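What TrEMBL says about this one:
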type     : residues  : note
TRANSMEM : B:12-32   : transmembrane segment
DOMAIN   : B:62-250  : domain 'ABC transmembrane type-1'
TRANSMEM : B:66-87   : transmembrane segment
TRANSMEM : B:102-121 : transmembrane segment
TRANSMEM : B:133-154 : transmembrane segment
TRANSMEM : B:174-195 : transmembrane segment
TRANSMEM : B:202-222 : transmembrane segment
TRANSMEM : B:234-253 : transmembrane segment
Amino acid sequence: MKTIIHLDTIEKRFAEAVVVPPLSLTIEEGEFLTLLGPSGCGKTTLLRMIAGFEEPTSGDIFLDGKPLGHVPPYQRDMNMVFQQYALFPHMNVEQNILFGLKMKKVNAAEQKRRLEEVLQYVQLTELRKRTPKQLSGGQQQRVAIARAIINNPRVLLLDEPLGALDYQLRKSLQLELKNLQKNLGITFIYVTHDQEEAMAMSDRIAVMNKGRIEQIASPAEIYNTPQTLFVATFIGENNIFRQASTCTAVRPEKIKLYRTDEQPGKHRCKGKITDAVFLGNLRKVFIRLDGQDQVVMAHQYAGDGLDWQVDDLVAIGWSQADEVKLPC
Amino acid sequence: MKTWRRNVLSGYSWLMLVFLYLPIAILMLYSFNDSRINAVWSGFTWKWYLSLFDNRQVMAALANSMTIGIISSVLATVLGTAAALAIKHYSLRWRTFVNGLIYLPIVIPEIMMGLALLVLFSQVHMELGKGTLIMAHVTFSMPYVMVIINARLADMGKELEEAAQDLGATPWGTLRHVTLPLIMPGIVAGFLMSFTLSLDDFIISFFVAGPNSTTLPLYIYGLVKRGVSPEVNALSTMLIVCTVLLVIIAELFRRKDSKTITY
């Protein structure tokens, strides 16, 4: 794997506020990297620094080993898909898509060839003469992507590109985007606050919090072996058991429920069920531990024949291998 | 009870409208009066309008107004647009301050501005005439252009310009292909507004006009000193109609939604 982008201890401050404390990050060529974090965690600022819309207060960004320093956005070999698409309202689909090639003065024949190719690729051939206003949200999104990829950028930056769409459409576009990335072989840097989206699409996820990267790893690693308390609780659901200076995280689906008289050797704690929520494929059971304030969440898969009721007294247990030890 | 209140309120608003427009309506009505005496209605006629076109002084004043109006509004539009585009890039605090300074001429009493300009022109020994009139008109129209363009730019946001830059457009390319086309309705509205202001201005023009640069409002003022004749009514009516039309057109352009314009 070859490094395509390297962030070398870049920092961003606005006035006195530190938005991104010094941070380094290496992005491999052809990978789908997601910057995931709650709003205000600095992920968009990081993306905008890579694109060149914000200048790092210190540190430098390298593309293919060359420092980008003061290189303006229009000379960086990457393109961005904006959150609200930012399609030009006074141009039709075709003119929007061709904008980049026109600005780079690509010859007309080449422009036409690439236009047809891209239009077909994103299935917009029929709509080529429409203006953005005459398109649905999903269609506008396709135009935004077509407008970026027609330039054959080295890197595609995507700032919550699915944020404005409804749930069903988002789901199907997630897969489309992932396939697009695989087929084109372009490096994707994708910003989102939606962990499900990040899980579904990414090769690697960088979980961000307060401007810092808490952990950067594959979705499975992030989920199974979180390295910080923030990652453990931000990604999916988790039970955190505090003991002195260490925390133990156990996923709800790893927690087993027993009747108090059943297999006493596997019990860890006892408690009373305070809530049981049926969600179709699983049942979320909430247990208040005896003598403690803590409520533990356990996912019981529907069809296991057990029917837990509120106020039942239960014992819980889990296997040692499912524990994740975290500093806290 | 409710209908009673509604009747009083609607009666009051009608009264307000009468109060505002009755003088103008009377002036317009008497411009069609056959009699020379304003107080007596003796029949409908177009003759005062026709006689205006035979009047060399009126035609000269009209030509002056047009020349000054067109030149000053073109200059005000170009300068105002450029200034609005420049101010956008300043930091917020500085921008607020500069904008405040620029809007000030809108609220400064015109008589002060006329006097100030007169003092300035005489300080630098500039001969009063069309040149000084044009400069004065640019000065008071430019803030209006800037107000309109600023609103337009704020409406547009920065994302479209960023998208253009991201796609390889230089700052100049971005201006030419994205910013200017999108604020064009504002530019047209600003131009029409400036032209209207220039055409209508009396107070400031009164201070800075020279012997051969009488504009229509100045000419009308001169005529009124010798009594309100039907010609004055006719001329004023034409000025009012032109102004109202221009303002309506400017307003239509100003309200044009940036998301729907196509070229």
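FYI, residue positions are counted from 1 along the chain as it appears here.
A Cβ is built for glycine as well, from the same backbone N, Cα and C atoms used for every other residue.
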Chain residues in Cβ proximity to the transmembrane segment (B:102-121) (below 8 Å; excluding those fewer than six residues from its ends, i.e. six or more beyond): 83, 87, 128, 132, 135-136, 139-140, 142-144, 146-147, 201, 203-208
Candidate ranges B:66-87, B:174-195, B:202-222, B:234-253 - greatest C-beta contact count to the transmembrane segment (B:133-154) (under 8 angstroms): B:66-87
Stretch of maximal Cβ-Cβ contact with the transmembrane segment (B:66-87) [cut-off: under 8 Å; candidates B:174-195, B:202-222, B:234-253]: B:174-195
Contacting positions for the transmembrane segment (B:202-222) when only residues 6+ beyond its ends and CB under 8 Å are counted: 57-58, 60-62, 64-65, 68, 110-111, 113-115, 117-118, 121, 127-130, 132-133, 135-137, 140, 232, 235-236, 239
Distal contacts, the transmembrane segment (B:234-253) - CB-CB under 8 A, six or more residues away: 24, 27-28, 31, 48-49, 52, 58, 185-186, 188-190, 192-193, 195-196, 199-200, 216-217, 219-220, 223
